[in-house]
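A.B. asks: First the structure, which I've put down as structure tokens, then a few questions once you've had a look.
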Amino acid sequence: MVQKYYESDADPRTLEDKTIAVIGYGSQGRGQALNLRDSGCRVVIGLRPGGSWQKASEDGFEVYSVAEAVKRADVIQILLPDENQAAVYRAEISPNIRENACLMFSHGFNIHYGQIVPPPTVDVVMVAPKGPGHMVRRTYEEGKGVPALIAVHQDATGQARAIALAYARGIGATRAVVFETTFAEETETDLFGEQAVLCGGITSLIKAGFETLVDAGYAPEMAYLEVLHETKLIVDLIYEGGFTKMRDSISNTAQYGDLTRGPRVIGPETYMAMQEILEEIQNGKFAKEWMLENMVNRPVFNALTRADEEHLIEQVGAEIRGFMPQFRK
């Protein structure tokens, strides 16, 4: 069973005399930094010029270059995009990190695939909230928290796990629950979930359903409403209470169709494709492909993104959402 931690397992005094540098001030960076500060931690922000510098300053933080923030910090939380982390680490973090400092991540990609190799004199940990930054912040302000994962890759000081737990408490995660994992497990399951189910799987399934109905002569608007618009209704029910709550909330006709037709759509061929995708994640093929894609300015990424942006389902969706007050700006 997975090890679970709660408020009583995390000692906030572990961070009492430490300065935390949050590198990056996007959604996660801002949410985590604000929560840490409200929990009594000393936080500085490390950024490259421009971008979020002004926003972080307006939020009342001391903002420095990445290199300067790292020099001042005992804990360095890297919250930059995966594809940017290695270059920033080599240029600005590695030359300035203190001995016995703690290097922290919210995703294990760069450590797991060897793009960042820290010295043996520092702790290397992960604290990964299972929710976007704005939710991390909102739930904290409500007195609750978003669950998180922690992992210890390297324990140079003997305090790595204690630091990770104290940080998780600082962002509010121990108010919910914190699960212990490994960098390998977090990275591989996270990538698989994104590719096969949450992002790649769902969008491909929706497009296939939309195209099937449109090709059969049904109105694109009807196809959109049936295979995309109503997705949120079903997913929300599953999120709240699993498959059981969803099936308790739909008609018997819908449930019978779900149970008898669903496995024909997601059958043995899909399972085999998922196994292949998982193997490419495990053996590093996907990571290598993504790193090479970034080295040549993302031609495949950009072409596929444009193609989906121009798909009929996006045009129809924009029109239908225009009729709905909740989506009007």
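Cβ atoms here come from the backbone N, Cα and C positions, even for glycine.
It should be emphasised that the depicted structure is a prediction, and the values quoted were computed from it without experimental measurement.
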A.B. asks: Quick check: of GLY131, GLY133, GLY143, GLY145, which does Swiss-Prot put in the same NADP(+) site as TYR25, GLY26, SER27, GLN28, ARG48, SER52, ASP82, GLU83, ASN84, GLN85?
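C.D. replies: The record-listed residue among the candidates is GLY133.
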A.B. asks: Count the Cβ atoms, other than its own, that fall within 10 Å of the Cβ of ARG48 (NADP(+) binding site), considering every protein chain shown.
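C.D. replies: So the Cβ neighbour count for ARG48 (NADP(+) binding site) comes to 15.
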A.B. asks: Could you check which of these recorded positions, TYR25, ARG48, ASP82, HIS107, GLY133, SER251, sit within 10 Å of ASP190 (Mg(2+) 1 binding site), going Cα to Cα?
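C.D. replies: Those close enough are HIS107.
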A.B. asks: On a count of neighbouring CB atoms within 10 A, which of the binding-site residues ASP190, GLU194, GLU230 is highest?
C.D. replies: ASP190
A.B. asks: Minimum Cβ neighbour count within 10 Å among the binding-site residues SER27, ASN84, SER251: which residue?
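C.D. replies: The binding-site residues SER27, ASN84, SER251 were compared, and SER251 has the fewest Cβ atoms within 10 Å.
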A.B. asks: Between the binding-site residues ASP82, GLU226, where is the Cβ count within 10 Å the lowest?
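C.D. replies: Comparing Cβ neighbours within 10 Å for the binding-site residues ASP82, GLU226, GLU226 has the fewest.
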A.B. asks: What is the three-state DSSP composition of the domain 'KARI C-terminal knotted' (182-327), stated as helix, strand and coil residue counts?
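C.D. replies: Secondary-structure breakdown of the domain 'KARI C-terminal knotted' (182-327): 125 helix, 0 strand, 21 coil.
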A.B. asks: Just to be sure I understand the packing, how many Cβ atoms besides its own are within 10 Å of the Cβ of TYR25 (NADP(+) binding site)?
C.D. replies: 27
